[in-house]
Each structure stands twice: as C-alpha cells, then as structure tokens.
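Some features that Swiss-Prot has for this protein:
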BINDING   17-24, 81-85, 135-138  GTP binding site
DOMAIN    8-282  domain 'tr-type G'
Amino acid sequence: MARDFPLERVRNIGIAAHIDAGKTTTTERILFYSGVVHKIGEVHDGAAVTDWMAQERERGITITAAAISTSWQDHRINIIDTPGHVDFTIEVERSMRVLDGVIAVFCAVGGVQPQSETVWRQADRYSVPRMVFVNKMDRTGADFLKVHGQIKDRLKANAVPIQLPIGAEGELSGIIDLVANKAYIYKNDLGTDIEEADVPADMADEVAEWRNTLMETVAETDEALIEKFLESGELSVDDLKKGIREGVLKHGLVPMLCGSAFKNKGVQLVLDAVIDYLPAPVDVPPIQGVLPDGSEAVRPSDDSAPFSALAFKVMADPYGKLTFVRMYSGILEKGSYVLNSTKGEKERISRLVVLKADDREEVDALRAGDLGAVLGLKNTTTGDTLCTQDDPIVLETLFIPEPVISVAVEPKTKGDMEKLSKALVALAEEDPTFRVNTDSETGQTVIAGMGELHLEILVDRMLREFKVEANIGAPQVSYRETIRGSAGGEGKFSRQTGGKGQYGHVVIEMEPGEPGSGFEFVNKIVGGVVPKEYIKPAEQGMKETCESGVIAGYPLIDVKCTLVHGSYHDVDSSEMAFKIAGSMAFKDGVKKCNPVLLEPMMKVEVEAPEDFLGSIIGDLSSRRGQVEGQSVEDGTSKISAKVPLAEMFGYATELRSMTQGRGIFSMEFDNYAEVPRNVAEAIISKNQGNS
C-alpha cells in the first residue's frame with residue numbers, strides 16, 4: 001500500500017505554551033480550517049476536540065497530550081496539543097521527544113511566563129526547531145513587540161517577526177505578512193473571508209523597517225543570501241522563505257507570527273508557516289540508538305530502513321490498552337510480531353489506529369514519520385523501543401522528572417482494595433511521573449506526583465473511571481537525604497543459634513557522589529577477603545537502605561560507596577548475612593558523614609495589582625521564600641521567588657484572600673536544597689515518632 005503523503009510533505013508538530021496562552025483554542029481552529037471538524041469547539045464551553053477527558057472539559061485545561069492528524073495544502077500535519085500546567089510537564093516532555101517542530105504559543109498580554117520558559121527548555125533539550133504564535137492580540141493590553149523583546153531577553157532566542165498586527169485589542173482587523181509584503185484583512189467573524197490588500201499607508205514606514213530587519217536577519221543564515229542582500233538591498237519572497245526555513249532547521253532563527261485564535265484571525269497563516277518553515281521527518285537528523293553489541297547506530301527516516309519506533313504514551317482505553325508510537329524508520333503492519341528491545345520481549349501488533357482526539361481510524365500499516373497508536377501490546381511502557389526482531393536497536397529514551405509530592409490512599413472497603421490496585425497499575429502505566437509504593441511501617445499505599453493538581457486529577461480519575469471509593473490523606477513533601485562529608489563505615493553481622501550460624505562483615509568508604517548520580521557502588525576488594533558471590537548481596541543491602549533512608553526515612557541521593565575490606569566464615573557466611581552487613585555498614589557510614597535533609601524548592605511567580613506588592617513579599621518571606629526579582633508594569637506587580645514546597649500548601653487560598661481575588665501565581669519544581677537545621681530536626685523527630 002502506497003503512502004498517502006510523501007515524507008517531505010509530512011509535519012509532526014506540537015503546540016505548547018504556558019497555561020491559558022490559548023494552545024487548545026489554536027488547535028481547535030487549525031482543525032476547523034483544515035476540515036477535520038465542521039463546528040468550532042470552545043475550551044470554556046467544554047467542547048474542545050482535543051480536550052476529551054471529563055476532567056479536561058470541566059477544568060478548561062489540557063492534561064494529556066492529544067494526538068490528531070489533519071491535512072493542509074496537500075500536506076499531512078500530525079499535531080500534539082500539550083498541557084501548559086507544570087504538574088503535567090511529563091506530557092510536554094514526551095511530546096517534545098517525538099516531534100519534529102513546535103509552535104510555541106505566547107499570550108500577547110502575559111508574554112513570557114514561567115511555564116513558557118520550561119517548555120522552551122524542554123524543546124532545547126530535544127533540539128526541536130520552533131516558531132512562535134503570539135495569540136490573544138484582541139485582548140486589552142496586547143503588545144506584539146513587547147513579547148518579541150521578552151523572547152529575545154528571557155529566552156535568549158533569535159526571534160524575528162515575519163508578521164505584524166493591523167491594530168490591536170478591540171481594533172485588531174488583520175495581519176501584515178512581512179515576507180510577501182501584503183496585508184490580510186478579515187471580513188467576517190468566522191475568519192473565512194480574507195481580503196489580500198496592499199500594506200495600509202499609515203503602517204508603511206513601520207512595515208518597511210521590520211521587513212528590512214527580517215531581510216538582514218535571514219541574510220545572516222546563508223553566505224549566498226548575504227551577498228545578494230549587500231548587492232541589491234533586497235531579497236525575493238522565495239529567498240526569504242528559503243532563508244527562514246534554513247534558519248529554523250539550524251536553530252538559528254525563530255519566526256514570530258501573531259493573531260487571535262479565539263477571534264479566528266491568523267490561524268490559516270500559521271498553517272501556511274508550518275508547511276513553509278517547520279521540518280519534515282527527512283529534514284531532522286536521523287534518530288540515534290544503541291545496538292546489542294553496545295555500538296551506536298542511526299535509523300534514517302525511510303520506509304525501506306529496518307522498522308524502529310518509540311512508545312511515547314500509554315493510555316487505558318475502553319477497547320484495551322492504547323500505546324502511542326512515533327515511527328522513525330521502516331513499516332509497522334497490523335498482525336505482525338515485533339521486539340520490545342528495551343525489555344527484550346516479543347509483542348504482537350493486533351490493531352493500528354491514527355487518532356482525531358477521541359475519534360479513531362483503523363489502518364493496516366504505519367510508516368516512517370507517522371504518529372499513531374497500537375492496540376494489543378502487553379508489556380510496552382512509555383519510553384520503550386519497538387523494532388524488528390532481525391535488526392534490534394534501542395533508541396534514546398525520555399527524560400522523566402522525579403515526583404515532589406505524595407499522599408496516602410486508603411480504600412474504604414475490602415471491595416475497593418482490589419479496584420484500587422488495578423487503578424494504580426493502569427494509571428502508573430500511563431504516567432511515568434506517577435509513582436506508587438507501600439509504606440513498610442504503616443502498610444499504607446502512597447502515591448506520588450508532580451504537584452497538588454496532578455494528584456487531584458489522578459484521584460478524580462480513580463473515582464470516575466475505576467469507581468474506587470478511597471480516603472485521601474493530606475499531601476506530603478518528598479524530602480531526600482544526602483551526605484556532606486566522607487567517612488568509613490563497618491557492618492558485622494554475626495549470629496550463633498546452635499547449628500549453622502550467620503556471618504557477614506564488610507568495611508566501606510563513603511563520600512558524596514556527583515549531583516544526580518543517585519547511589520554509586522565501587523568494589524575494591526582484593527585477595528578474596530570477601531568472596532565474589534557475596535559482593536552483590538552486600539551492594540544490594542546498601543542500595544535498599546539507601547532507598548529507604550537513614551536519618552528520616554527518605555531516599556538518600558548522590559552517595560558513593562566503595563567496598564574496601566571485610567571477612568567471611570567458610571560455613572556460616574551466606575548471601576543474607578552479607579546483605580544485612582552491607583546495610584549495617586551503610587547506616588554506620590551515613591551517620592559519620594554529616595547527613596542532611598533536602599527539600600524540593602519551587603520557582604514561584606506571582607502577579608497581582610501593585611497595591612498588594614508589600615503584603616505578597618512579606619508573606620513569601622514568612623514561608624522561607626527568597627524573592628529573586630520584582631517588577632511593576634501598568635499597575636501590575638510581578639514577583640519571582642524560590643520557596644520550599646512544604647510552605648506552599650494552601651497558598652492559592654491565601655493569595656486570593658490577600659489580594660481580594662485579584663492575584664494569580666504559578667509554581668514549578670526548581671531544585672533540591674538543604675533544609676535549615678531547626679526545620680530538619682522537627683521533621684526527623686516527627687518521623688522517628690518523638691513528636
């Protein structure tokens with residue numbers, strides 16, 4: 001079966017931004033103008049096509065990355081609409097991993113906001129080419145050029161306008177295309193009657209100036225264009241388009257467009273720009289992976305190459321488990337068997353679908369460059385590689401952030417117990433930032449996630465989708481332990497009970513590890529003082545103790561343990577004895593290494609009328625916050641601060657009452673920092689049951 005669209009005419013793009021910048025509305029308009037839907041769905045009415053979970057429609061926010069296929073000007077466009085709330089950052093992360101290009105949506109009033117920076121960093125991490133759509137140009141206070149300045153200053157991007165708005169706020173009537181040097185005037189509310197006209201006389205000077213800036217910026221991307229521009233002082237429309245595309249693909253240029261998705265202005269021009277400037281799968285470097293022998297290899301975006309794909313999302317579905325895949329090379333056919341090379345297991349492909357939000361179309365095959373979903377995979381989870389059994393490869397996987405907040409969940413009845421465990425398994429399969437564990441002392445089930453809203457949504461889904469009745473505990477902070485010093489540790493486990501005894505003895509040296517290294521073990525035993533078969537159990541004992549913590553019961557991070565000495569008994573030594581000795585040595589070492597408690601620090605941004613500035617700063621300081629910056633613009637104050645997560649519970653309510661409901665804030669995880677001694681002592685004491 002031949003391709004519907006050649007690879008050069010395929011675009012895999014994401015729409016990403018800060019919450020409320022208008023991503024989902026932009027996606028809805030794209031679907032309307034490209035003919036996927038025949039009626040416009042509004043987010044605030046709960047009718048958006050890409051917001052199809054009950055919670056999304058109620059809250060007016062996008063939680064999961066919905067994948068949709070559409071077409072425009074004889075091109076296939078696969079779109080992922082990603083959430084803007086930081087609690088769902090994994091959805092953005094996994095989208096970025098499988099996309100070729102991104103439309104970053106900014107609010108013309110709010111400009112560069114905290115989550116915009118997070119999304120931009122995620123796109124940087126995966127080297128995704130991008131363009132900018134400055135949305136909400138119809139809103140009071142909209143300022144396209146102010147946003148341009150913020151993108152250059154705060155995101156350090158070489159942003160260049162390729163459009164200018166005609167009017168702003170309530171007067172937005174059209175858009176100037178600086179490339180074609182034409183004006184597009186919107187004649188009806190639906191945005192379907194557009195008149196092409198000359199640039200308005202009162203904007204001629206401004207347009208000439210910005211068009212010249214565009215030509216200069218584009219000329220710098222290519223030596224041949226520089227020569228042309230210096231000779232004639234002009235670049236043709238084709239030269240400009242070619243230069244902008246080259247600049248975008250090389251990450252040297254970010255074209256900026258403008259409009260109002262809600263008022264149906266500018267969206268068709270965004271679609272044109274996606275085709276003109278964002279890459280096809282063949283324009284981006286081939287995906288890299290590792291072969292079974294450990295050597296690196298690439299898979300070109302080509303149907304004739306060996307099949308390889310990355311599972312980037314798993315979702316429970318009424319018809320079975322849906323696994324979303326990005327096809328990188330080769331062809332995947334219905335009914336075939338493939339290898340999950342990450343887990344070393346064979347999987348059968350029972351059905352293949354492409355999606356239009358909660359609508360689906362069955363297909364016989366997926367090809368290189370496609371985004372689609374597979375039904376029937378048993379053991380594949382997010383980040384796994386699927387490939388041909390004859391030519392195995394493991395592709396680069398996803399970066400998965402650690403959860404920072406947890407709550408205890410208790411089923412109300414025995415019947416709910418079974419439903420709860422099924423629900424937790426299904427939800428954890430879908431969302432790698434959602435962790436489930438059992439508290440060894442209390443036996444309670446504890447769930448952890450990226451923030452209060454994240455856990456709230458998951459608990460809500462347990463009730464709705466899995467009909468689990470459960471009591472939910474108060475949120476708890478995910479603290480960590482670490483060490484600041486170096487020392488030796490010794491563990492000797494010796495027990496005689498008449499008959500065969502138990503004996504294990506290890507000596508270790510302990511020191512702080514590299515940041516992000518977790519637990520690192522080095523074996524420096526010489527001369528067989530500890531036999532080979534007991535090294536692994538000793539390491540396991542240390543690792544398990546590391547995971548359960550020493551001073552307050554929280555996982556210990558960034559520690560290096562070197563096994564240097566020990567002793568054994570021919571008869572009494574066993575794996576269990578050395579595992580216990582390893583654990584004892586680890587605890588002994590930690591206590592001598594200046595152990596400290598770490599807590600998650602959040603990057604907090606608050607916006608409120610200027611009158612409340614003093615109260616907000618005072619309140620943040622009382623929460624152990626450090627104010628890092630403040631500004632006042634048009635009567636609105638913006639404060640950025642770093643505050644411990646432990647001090648931020650209930651902040652939304654407090655801010656509302658402090659600002660008479662006129663303050664808003666956003667918060668995202670920044671780093672782990674040492675807890676002040678007096679606060680740490682209280683936490684340790686409470687966890688040891690002394691409070």
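Yeah, the Cβs are placed from backbone N, Cα and C, and that goes for glycine too.
Cβ neighbours of Met137 (GTP binding site) (same chain, under 8 Å, six or more residues apart in sequence): Ala108, Phe144, Pro165, Ala168, Glu169, Leu172, Cys258, Gly259, Ser260, Lys265, Gly266. For the domain 'tr-type G' (8-282), the model's pLDDT averages out at 81. The Cβ neighbour count for Ala17 (GTP binding site), using a 10 Å radius and every protein chain shown, is 29.
Classification of Ala17 (GTP binding site) by DSSP places it within a strand.
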